[in-house]
């Protein structure tokens, strides 16, 4: 559960992401594909090369979903229900991949905003991404 301080930290951090959410999403995906090559199996039809249009487009979807989640911190299950259905029932993504992408998102955010990425912000973002991952995998059960 996100505390009031966590919610404030997440909103503050995400406000700095702003219009870069899609870029950061794509960068995190590229980082995940490089660091955890088994994640590529869910994207056999994608050109996974650096800067590919498909990775950029999916990165925008990731960024948009996280922006939506930040706007609904008090109702993540409601905000992400359709996305949870998609990943559980249609795409059947291994739940561990959400944790891997979360890690890569944290690294990406830290690289782009090193002065703002304090231990408190890091902890709050980690909790937020963990909550998002939990919601996205909740329908697997």
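Each residue, glycine too, has its Cβ placed from N, Cα and C.
According to Swiss-Prot, the feature O2 binding site maps to 58, an assignment based on sequence analysis. According to Swiss-Prot, the heme b binding site annotation covers 87, on the basis of sequence analysis. For 1-141, the entry in Swiss-Prot reads domain 'Globin', with the evidence type sequence analysis. The phosphoserine annotation in Swiss-Prot covers 3, 102, 124 (among others) and rests on similarity to another entry. What Swiss-Prot lists as N6-succinyllysine is 7, 11, 16, 40, and the listing cites similarity to another entry. What Swiss-Prot lists as phosphothreonine is 8, 108, 134 (among others). The N6-acetyllysine annotation in Swiss-Prot covers 16. Swiss-Prot lists 24 with the feature phosphotyrosine.
Here the features listed in Swiss-Prot are painted onto the structure.
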residue	record	Cβ contacts under 8 Å, 6 or more apart
3	phosphoserine	none
7	N6-succinyllysine	73, 124
8	phosphothreonine	none
11	N6-succinyllysine	70, 73
24	phosphotyrosine	17, 59, 63, 105, 108, 109, 112
58	O2 binding site	25, 26, 29, 43, 46
87	heme b binding site	93, 136, 137
102	phosphoserine	126, 129, 130, 132, 133
Looking only at DSSP and grouping its letters into three states, which state does residue 108 (phosphothreonine) belong to?
helix
Using DSSP, how many residues of the domain 'Globin' (1-141) fall into helix, strand and coil, respectively?
110 helix, 0 strand, 31 coil
Inter-residue Cα distance where the pair is residue 134 (phosphothreonine) and residue 16 (N6-succinyllysine), in Å:
25
Other CB atoms within 10 A, centred on residue 134 (phosphothreonine):
14
Validating a neighbour-count step here. Other CB atoms within 10 A of the CB of residue 16 (N6-succinyllysine): how many?
13
Distance [Cα-Cα, Å, rounded] between residue 40 (N6-succinyllysine) and residue 134 (phosphothreonine):
21
